[in-house]
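Some notes on the structure that comes next.
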Amino acid sequence: MSRSDSESAAAASGDTGESPGSDPGADGDSADPAPESTASDRDPPDPSGPTGRFDRIDRTTQWVLAVVAGGLLARLVLLGARVAHYDEGRVAWWSSYFLETGQFEYRYIIHGPLVQHVNKFLFDALGANDFTMRLFVALVGAFLPLAALLFREHLDGDEIVGTAFFLAFSPLLLYYSRFFRSTLLAAAFAFVAFGLLVRAYDERSVWYVYGAVVLVALAFTAKENAAVYLLVWVGASALLLDQALFRTGDDRSGFDWARERLDARTRPLGDYAADFLWHGAVVVVLFLAVTLYFYAPRSPDTAAVGFWQAVTNPTLFPDLFDRTLDDVVEGYSYWFGGTTDAGCRQDNIIDAYLCFLGQEVHAIAQSALALTMMAVVGFLAERWGRVRSRAVVLFCAYWGFVSIVGYPLGTDIANAWIAVNALVPLALPAGVGIALVVDRARDSVHTGSVRFGVTAFALLLIAGYMAGSAGWYVYMNDTTDDNELVQYAQPADDFRPSMEVLQDHAADHEGVDVLFVGNTYVRDSPRDAGIEPRCSSISDTLPLQWYVDAYGAEGDCIQDEETAVERLQNGEVDPLVVIAPNSLETDLAPAMDGYDSDVYRLRHYGSEAVFFSDRTSDGSNANAGAVEPRALAVGN
């Protein structure tokens, strides 16, 4: 407990530091008459009002709530300003498809199904756009700092607030809280689940265990790497058990300590076994219910085998379970089946691992250095600076540090989001570390100006670094090539202004709205199903399809540029947007007379696109006096 919390507790218990029978006015004449109080002085705040209710919350919780409010604001401001990443556009398209058609099945290539279910409802209620696309992840990231309160039996007030602070404002976590990807969701659910397990131990309540199981199941529905969290938990628990057996606190051996713990049980072993079987059955049912709900297919066809069909006809549940299990096994086999490709443009797996690890470390050094350094400080202080180390702090430190060196083994592309898996648990030892620095600064006020100056400077340096890094990399330069957080498939430029013509006119435009042209952007044969237009090559053109769909536009393709020019010139096709490789700009020029041009990059570097926009009036709307802008996008 922090000093402020101790004072609050003392005040609440009536311990003011005076003797119980003291009375300042007991001597009658010797006491000065009490001044007349004003109405505001006499009347206490209404305990039923919002101010009164807030005053009843302890100071630590008040600070955490303030951190959450600040983190929420930091995530919602300009949330839709960044143009969609390749992955964001792909998952958002499938979410919109689910809403429009009612069709859903687990597609492991885009990871867990949770976000598609959630965004289906968000798109239906708020519309499909870049803001609503990222809203769910932003809200989870904003409220994640509340999880620090789950550890209040093990951390003092400053440490809880410090943990919440790093979860809310560490720039790397902030960036990926504003990114439509399930990595942060899985990490957040796992962290809260761990906190609930800690509360279950503290309160001796199985209800917290049930809540933890639901959160673990949600982590599995968010992303497949939730299985890795369980493995890391087993490893961290083994380290803590080894420490407990090695450091028993007296002359007993580890075996003696374990034997005494077993002998100290107050109930027969059979009762423990019965409880374990009962609660284990409930845990299994909860886990299967949550995962089945999200992974099970959906279909509007009443004759199909889908989740709601099985709800109305329970005899279909065996078939539904078998199909869902087959989908899940296929997906997890893909992600955990291993690969012989080195990756990172390296010749062997060792060099590829070092390459991915180096990129992760660079991202952490750029945007999570304060959190990581404070986590190291907190871990060292906990491990070697205390007589009895707290298991919660060490567990999260082991979890986080192992994740830093372990996750590059499992990635197949260069990215910074893998660091999220490590930074979320490391926020707890980082909170311990920053609280230690704050405590030293507080003590040094009375012990020496030099020490106070050093610690105060360290705190200002941490705050300035985090504020500067967040402002520069999260908001001002969230797509530039000098930002380690930006992955290759993030468009470097915002091409949306040249596609606004779709938002303005796609609804009343007849025929094809968007035309993809050229071998690079058009497939030899259309896909049997999937992202539309099915003739487009998504590897080179995403996230454009997301915007085509979000604007309610219709897309089509012409692979040969000469055919495209001919059909454009004779008016056989009259699209609002035409997209083609930049190498075809000269070939398409004869059909582009009168168009203005804008150049954009569809990837982090390279893949330039030229958007030609024509603001001339459309003959089909001439009678209505409307002026219909047109646009042409030519890609590299």
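Here, residue 1 is simply the first one shown, and the rest follow in order.
Each Cβ is built from the backbone N, Cα and C atoms, and glycine gets one as well.
On a predicted model such as this, the values are computed, not experimentally measured, just so you know.
Per TrEMBL, compositional bias 'Low complexity' is recorded for 7-37. What TrEMBL records for 111-242 is domain 'Glycosyltransferase RgtA/B/C/D-like'. Marked as region 'Disordered' by TrEMBL: 1-55. Per TrEMBL, transmembrane segment is recorded for 63-84, 131-151, 160-176, 182-198, 205-222, 228-246, 276-296, 363-380, 392-410, 416-438, 450-475.
Between the transmembrane segment (416-438) and the transmembrane segment (182-198) there are at least 3 Cβ pairs closer than 8 Å, counting only pairs 6 or more residues apart in sequence, which means the two stretches are in contact.
Per-stretch counts of Cβ pairs under 8 Å to the transmembrane segment (63-84) identify 450-475 as the leading one among 276-296, 392-410, 450-475.
Tertiary proximity for the transmembrane segment (363-380) is limited to same-chain residues at least six positions away from its ends with a CB under 8 Å from its CB atoms, namely 162, 166, 170-173, 175, 393-394, 397, 400-401, 404, 416, 419, 423, 426-437, 462, 465-466, 469-470, 473-474, 483-485. Note: the domain 'Glycosyltransferase RgtA/B/C/D-like' (111-242) comprises 110 helix, 0 strand, 22 coil (DSSP; helix = H, G, I, strand = E, B). Taking residue pairs at least 6 apart in sequence, the transmembrane segment (450-475) and the transmembrane segment (160-176) share three or more C-beta contacts under 8 angstroms. Within its own chain, the transmembrane segment (276-296) is flanked in space by residues 106, 112-114, 117, 206, 209-210, 213-214, 216-218, 220-221, 306-307, 310, 320-321, 323-324, 327-328, which lie at least six positions past its ends and keep a Cβ under 8 Å from the stretch.
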